[in-house]
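S.K.: Here's the feature list from TrEMBL:
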- 186-191, 228-230, R274, K829, 903-905, 910-914, K950: ATP binding site (BINDING)
- D186, D230: Mg(2+) 1 binding site (BINDING)
- D186, I187, D230: Mg(2+) 2 binding site (BINDING)
- 181-308: domain 'Guanylate cyclase' (DOMAIN)
- 777-916: domain 'Guanylate cyclase' (DOMAIN)
- 7-29: transmembrane segment (TRANSMEM)
- 35-54: transmembrane segment (TRANSMEM)
- 460-481: transmembrane segment (TRANSMEM)
- 487-509: transmembrane segment (TRANSMEM)
- 530-554: transmembrane segment (TRANSMEM)
- 627-644: transmembrane segment (TRANSMEM)
- 651-670: transmembrane segment (TRANSMEM)
- 690-709: transmembrane segment (TRANSMEM)
Amino acid sequence: RTKLNEVYLIVFSYLILISFFGLEMLVTLSSNPPTASAGVWATLFFIYMTYTLLPLRVPEAAAGGILLSLTHLVCSITTNTHHSPFLWKQLAANCTLFVCANVGGLFTHYPGEAARRQAFMETRQCVATRIKTQRENQQQERLLLSVLPSHVAMEMKSDIAGTPKDTMFHKIYIQRHDNVSILFADICGFTTLSDQCTAEELVRLLSELFARFDRLAAEHHCLRIKLLGDCYYCVSGLPEARPDHAHCCVEMGLDMIEAIALVREVTGVNVNMRVGIHSGRVHCGVLGLRKWQFDVWSNDVTLANYMESGGIPGRIHVTKETLKYLSGDYKVEPGNGGERNHYLKMMNIETYLIVPDDDYRDPHAKKTSMYSMNGSVSKEMRMIGHSDPSKQNTNIHNKLGLSETQLGKSTTEEVNEYLARAIDARSIDRLRMEHCRRFLLTFRESKVEEKYSKERDKMLLAYFVFSWITIIFITIVQLIIIPRFYVSVGVLLVGILLTTFTIILVLAERCECMPGCLSRMSSVVANSRTVSQMIASLLVLVLFLCSITSMFLLDLDSYRDCFLQASENSSNLTWGDPNITEEWWVVSDTLTIQAPKVTPILDQFNVTLGDEVNLCHEGTTTHFPDYFTYCVLLVMLSCAVYQLMFSIIKLLLLGAVCVAYTSMVLITHGTLFDNQDALILRGRGYGELFVSRYVTVAVLVGFTIAFVIHARQTEATSRLDFLWKLQAHEEKEDIEHLQAYNRKLIANILPEHVAIHFLSVDKAPDELYHEECESVCILFASIPNFSDFYMELESNNEGVECLRLLNEIIADFDELLEEERFKYIEKIKSTGATYMAAAGLTKASRDLKNFSHVTAMADYALRLRDQLEYVNEHSFNNFKIRIGINIGPVVAGVIGARKPQYDIWGNAVNVASRMDSTGELDKIQVTQEVYQILHKKGYPLTCRGVIKVKGKGDMITYFLNGKSHDTIEEDCPVTGSTNSTENHK
């Protein structure tokens, strides 16, 4: 439809151009007697309309203007066969006029087209940026909502977007939910499996397996909470309560066991799932200020975790509370969990094992499970490497919820479609009525008008250059066809000098060689719309004065008066002769002259068209006053070229020029046009219907109306382009503001370099994000005695106030990372009262020469210990921290399909965790590799000796005692939690 409209528009434009040629020839050829000056005004009008009215490109408009000029010249030459000297003068003057009109058309068309295109491109750029930012925001929203439940994410976004409040505590995003079931599942034998995989295979294996678990969780109405290494846990009954939450968790567990069985069968590695389920209540939400992860806390969550660790591979281990909710729908057998877990034995927890017999499973759930398993076989086969290479790289964005349609459409296509819709919907008249005043066209909103008035006119130099060109062409025309006077030539030279000075004045701002005062004046002219339009108005008046100066120096005696005087002195004729009074002259309101009787008197005085001497007093005159009119039309054209001049100013200028020149034509200098008529009509056998002076007035009024209409249309379009651009800028700023705090949220979920990878749509993303990192320093810090502090009592809001204090502690730990020397330390996550961080995950943050990332981590560990002491002092508690540090290679990546989670894996991570779990309270335990680095840097360390480490055997470890002797550091500064913890006990 758009292309068809363009074709219609082009065809219609050429038809109008052809009609211009026809009208021009009609006006020129219908003049009788034919003269070279006849129809010049029509040619000038059609040339200008070709450039301004028709939607033609510059080459096409220029070709049309040149052809119109040539058409008039050819018609003039062919109809005026007497080739007298004055004919060539007229043709030369006509050529000058046509060239000036074409140049004026170019100066109108090109700057206007350039301004419109620039406004369009600026608007398009704003729209493109806005759409790109909007798409990024949509991806950020999806990524955010894939990690945090919508109610938590929206509340956090609202708080970030709002004004920060000065409160005693950091805001805690925690809600309480009763009657839920918690499932913990751990992959048994994962270490053996991971040893047989490369980094990419390991991340792919975990990602695809957990992606399968996420789909199962969605099918069984479970909310995945987070991933802990190879451990997966979810809750049913969140965020909306469900009466069948226990059934959902059991079905989820059974399907997880079936899914891992396929992996075991294909890989040949003895892997299995150990599942523990408990039902009760939880507090869910987010703790800390960085790397938010949705989590659940409660004694029931702790019990569910122990149910998993005390379970049996391939079986589902449930508590008595969960069994009550199952209502006998599943066959069970005693679990004897206390025999495998000290906590279960100590708490005297009665446990059971679900008998994995399909006959005892819910028929609907069984059907769902079988359907999901059948649909997942090919997926699981792809997971272990048996995939179609052409489909191996699945776009991670599809996993985040972005459809292929959304991502398949490029930003350019979307911008073009948006602009096409906007252009179709944009009505200039409607927008003008909504935003602009009817007559003045000024914006209704004063702020918008102020912004518009302050916008620089980038084409101001071009307008002044055309004023200079115009006065040059006016000078040429008058030198060719108008008698020369010293005064008029002097006025023309002064006009040329003034226009030249304005050009130099505008250029002075760009030229460093100009005097300072001139440069300052230039800056004022360029930056002030009012000043520049005042100068432009003065130039128009100067050009008008230069055009009409010669008219005041010509002899204005009327040939009619001379004829009357001659008739009185003639021996053959008397004024009372009825032939003279009735036939020779017919004096009426129109001053129509009957030519047959004028001829004898003109012949008697031997007057010839083109003579510059008045037949009565031998004063200098001209028989071509039309060229004064044409010069005035060029002046009006120079006014029309100033496209950003307010239309009301143009109306006043054009009206003033029209009224002044009309007054001259009708009152003071009308005899010039009457004399021209008398000479042109000599020897003709019939009378003319119109005389020159009235044709001149009609032409002036017509040009004035056309220029004023064009000025209003140009200003309206310019203002609406500005308004559109302004609205696009404002919308872009709004979107960028939205993007700013969206990015802040995303930065608190994923590391910056990982977030950039996920949110990039211009590159072809891989299915998975993973990287192998060497010499990464890993820290685990836990508060073991926080579990003793945590109590679910009515007085502390069932444990919420305990979590509030934990939130303050974690927030304090997060705030330490804002210090410059800790900027390369990345918080990985916090789970319960355990805090995990790593340094050296990127090349920029990894210092393999001086190991500054390791020393930074050591300093950070010391600051954590000091910070917890500060918290204890102001909250009257006695929390003890236990920290473990290790260094080594890790695999970093993002796993999880619906809920991507950044994590690191590897032997170094496991050892760092063991350094924490086997450490001592208020001590920082490090491995021998870390000791070798820190010892060289002057840190005081004490050898602990050989200890037993689960899965690693005997290891020599060390305790970090304090800061490096080579480190000059100020005392531990107090962080922002001074007031937030002092009232906790």
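The backbone N, Cα and C atoms fix where each Cβ goes, glycine too.
Heads up, TrEMBL stuff is auto-annotated, nobody curated it.
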S.K.: Starting from the Mg(2+) 2 site formed by D186, I187, D230, give every other residue of that chain whose CB sits within 8 Å of the mean position of their CB atoms, in sequence order.
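M.R.: What remains near the Cβ centre is A185, C188, F190, G229, C231, Y232, M273, R274.
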S.K.: Which one is closest to D230 (Mg(2+) 1 binding site) in space, judged by CA to CA distance, out of the binding-site residues I187, G189, R274, I904, V911?
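M.R.: Comparing Cα positions, the closest of these binding-site residues turns out to be I187.
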S.K.: So for D186 (ATP binding site), how many other CB atoms are inside 10 Å of its CB?
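M.R.: 21, counting other Cβ atoms within 10 Å of D186 (ATP binding site).
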S.K.: Can you tell me the three-state DSSP label for V911 (ATP binding site)?
M.R.: helix
S.K.: Please work out whether the transmembrane segment (460-481) lies in contact with the transmembrane segment (530-554), by counting C-beta pairs under 8 angstroms that are 6 or more apart in sequence and asking whether there are at least 3.
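M.R.: Contact criterion met.
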S.K.: Which sequence-distant residues neighbour the transmembrane segment (651-670)? Criterion: at least 6 residues beyond either end, Cβ under 8 Å.
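M.R.: Sequence-remote neighbours of the transmembrane segment (651-670) are 537, 540-541, 544, 548, 551, 554, 556, 625, 629, 632, 635-636, 639-640, 693, 696-697, 700-701, 703-704, 707-708, 711.
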S.K.: Long-range neighbours only, meaning 6 or more apart in sequence with Cβ under 8 Å: which ones does I187 (Mg(2+) 2 binding site) have?
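M.R.: L193, L209, D230, C231, I260, V271, N272, M273 - these are the non-local Cβ neighbours of I187 (Mg(2+) 2 binding site), listed in sequence order.
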S.K.: What mean pLDDT does the predicted model reach across the domain 'Guanylate cyclase' (777-916)?
M.R.: 89
S.K.: Report, as numbers and ranges, which residues of the same chain sit near the transmembrane segment (530-554): CB under 8 Å and 6 or more residues beyond its ends.
M.R.: 453, 457, 460, 463-464, 467, 470-471, 474-475, 478, 482-483, 485, 487-488, 491-492, 495, 498-499, 502, 524, 619-622, 625, 628, 631-632, 634-635, 638-639, 642, 645-646, 649, 653, 657, 660-661, 664, 669, 672
S.K.: Quick one: DSSP breakdown of the domain 'Guanylate cyclase' (181-308) into helix, strand and coil?
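M.R.: Residue counts in helix, strand and coil order: 60 helix, 39 strand, 29 coil.
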S.K.: Indicate whether I904 (ATP binding site) is helix, strand or coil by DSSP.
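M.R.: Reduced to three states, the DSSP call for I904 (ATP binding site) is strand.
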